[in-house]
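Peer 1: Submitted below is the structure of interest, expressed as structure tokens.
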Amino acid sequence: PALSPCCVGIHPLDYEPHLPACGPKLTNSPTVIVMVGLPARGKTYISKKLTRYLNWIGVPTKVFNVGEYRREAVKQYSSYNFFRPDNEEAMKVRKQCALAALRDVKSYLAKEGGQIAVFDATNTTRERRHMILHFAKENDFKAFFIESVCDDPTVVASNIMEVKISSPDYKDCNSAEAMDDFMKRISCYEASYQPLDPDKCDRDLSLIKVIDVGRRFLVNRVQDHIQSRIVYYLMNIHVQPRTIYLCRHGENEHNLQGRIGGDSGLSSRGKKFASALSKFVEEQNLKDLRVWTSQLKSTIQTAEALRLPYEQWKALNEIDAGVCEELTYEEIRDTYPEEYALREQDKYYYRYPTGESYQDLVQRLEPVIMELERQENVLVICHQAVLRCLLAYFLDKSAEEMPYLKCPLHTVLKLTPVAYGCRVESIYLNVESVSTHRERSEDAKKGPNPLMRRNSVTPLASPEPTKKPRINSFEEHVASTSAALPSCLPPEVPTQLPGQVSGSGRDSGPPVQPLEGQSILWIPREVTLASRSRPRAAPSIPESRLVPLPHLSGSAASGC
């Protein structure tokens, strides 16, 4: 029989009929990730690490840990007896905590713009999992189950000692008492544990079983792109002790001149840093250290001084500044004042004309993150924007914080993964350098710019609404899409390149002159979105290549 709204923690007044129990019909429906497994099997570790990854790639994700709801409801934990299956009063409290968490899951996915909610609890019985599955179907959410299975007593004991004994539940206990109580708590769950069974009872569920901390995997009925990315990520992470070292290249000639991008060699101080880095690496005495660089001179020259094998990654190249390559910020401000102001307003999403944004850079660096998760000891020698993106992943920094993370030259960041995060040690190698860090300006803190560029070529346009209904009729979809098209171009502005005959690729006719009150944006025809070549200087612009754009008042600002 179908469960009533109250069974899944929804007030009857809030209940509305939904799609039948066949599940959501939208490809991009929100997803509830349901963790499954006995205590001390790494469920919370997986939940937090997966959430950090999904947020980093731009998928709004949040963890809902039922244990935290329980600690809020029961202020004082007594002993493992609270988790005994015959403790009816405690069972009611635990179920109410799960329902409260599901209510918050619904609010996050349906009202707050979330895309994925991770329901972090043991969920060891089919009855509990059926309740969650019904909740997901009633609200048109997809459900994806992640079960962590581990029978190695050494791994379980290590997890308890590293994480559980420092839990608020055991703040007044010594280590031996905490270990004994937690092992008895596990026994309470083992009595009623029903593992996922994709061959029989759970053959229709979308799930992955992570067996013995990633030694084996069992995957069943992956439904969509995001689930496949989750599976791919889980198959790459490991929990072995290791250290990751991140640093920028030594100071280069463009750093001294205040120019961005390009491919210049090391300065004299940059070469001193390379020597100091070599000495530092020797002192660490790391076994099988891997060294990765970009394909640009400054990182390669820095790595050469180490006298170690190194790998070049194109993905580690600095952010492509497009038409602004090798310019100073002052030259950008004078030559492209609107671009300067737009980047100042939203540095993460801003894309240089024919170049990249920080958002693009994150997508480019995803394979690097996957390989970093697979490796043991690694030294990555890269560039400022690249280092910010990598650091934001490991430190769980938001897109807003990422472009302003401080990553000084001639400093090594030593990252050591710990239970639910990463410990960072900043090591300055005592070689002077210029500072390339730019603080966020006051203008940027006032809020988003009312204007934005829709991609790296087309003109500026009003931004689309940040929140849209999840289900639109066809007419609503067409209307909302049309409304999002550029609205700041006057009808006099041509819809083709200057001098170009409609349907023809050849130039003919006089160049279009700018209308009164309009600005000029040039678009190099040779540079396409697919090209990632790094221009050495801004080319001269013939008049026939100038495209008139409407004047944008008040878009210039200071700082970048």
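Keep in mind that glycine also has a Cβ here, set from the backbone N, Cα and C atoms.
Checked TrEMBL, it gives:
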{"type": "ACT_SITE", "residues": "H249", "note": "active site, tele-phosphohistidine intermediate"}
{"type": "ACT_SITE", "residues": "E318", "note": "active site, proton donor/acceptor"}
{"type": "BINDING", "residues": "R248, H249, G250, E251, N252, E253, H254, N255", "note": "substrate binding site"}
{"type": "COMPBIAS", "residues": "435-446", "note": "compositional bias 'Basic and acidic residues'"}
{"type": "DOMAIN", "residues": "22-241", "note": "domain '6-phosphofructo-2-kinase'"}
{"type": "REGION", "residues": "435-470", "note": "region 'Disordered'"}
{"type": "REGION", "residues": "485-519", "note": "region 'Disordered'"}
{"type": "REGION", "residues": "533-560", "note": "region 'Disordered'"}
Peer 1: Name the residue among the binding-site residues N252, N255 whose Cβ has the smallest number of other Cβ atoms within 10 Å.
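Peer 2: Fewest other Cβ atoms within 10 Å, among the binding-site residues N252, N255, is found for N255.
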Peer 1: Among the recorded positions listed here, R248, H249, H254, whose Cβ has the fewest other Cβ atoms inside 10 Å?
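Peer 2: With the recorded positions R248, H249, H254, fewest surrounding Cβ atoms within 10 Å: H254.
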Peer 1: Give me the sequence-ordered set of same-chain residues, not including R248, H249, G250, E251, N252, E253, H254, N255, with a C-beta within 8 angstroms of the centroid of the substrate site's C-beta atoms.
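Peer 2: Not counting the recorded site residues, we get L256, S264, L266, S267, G270, S298, L409, S433.
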Peer 1: Where's the emptiest Cβ shell within 10 Å among the recorded positions E251, E253, E318?
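Peer 2: Counting other Cβ atoms within 10 Å of each of the recorded positions E251, E253, E318 gives the minimum at E253.
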Peer 1: What Cα-Cα separation, expressed in whole Å, is found between E251 (substrate binding site) and E318 (active site, proton donor/acceptor)?
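Peer 2: With the alpha carbons as reference points, the distance is 14 Å.
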Peer 1: List, in sequence order, the same-chain residues at least six positions removed whose CB sits under 8 Å from that of G250 (substrate binding site)?
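Peer 2: Same-chain residues close to G250 (substrate binding site) (Cβ under 8 Å, separated by 6 or more) are L266, S267, R269, G270, K271, K272, F273, A274, L277, S298, Q301, T302, L409, H410, V431, S433.
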Peer 1: What average pLDDT does the predicted model assign to the domain '6-phosphofructo-2-kinase' (22-241)?
Peer 2: 94
Peer 1: On the three-state reduction of DSSP, what should I expect for E251 (substrate binding site)?
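Peer 2: DSSP assigns E251 (substrate binding site) to coil.
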Peer 1: Work out how many Å separate E253 (substrate binding site) and the residue listed as 'active site, proton donor/acceptor' at their Cα atoms, rounded off.
Peer 2: 15
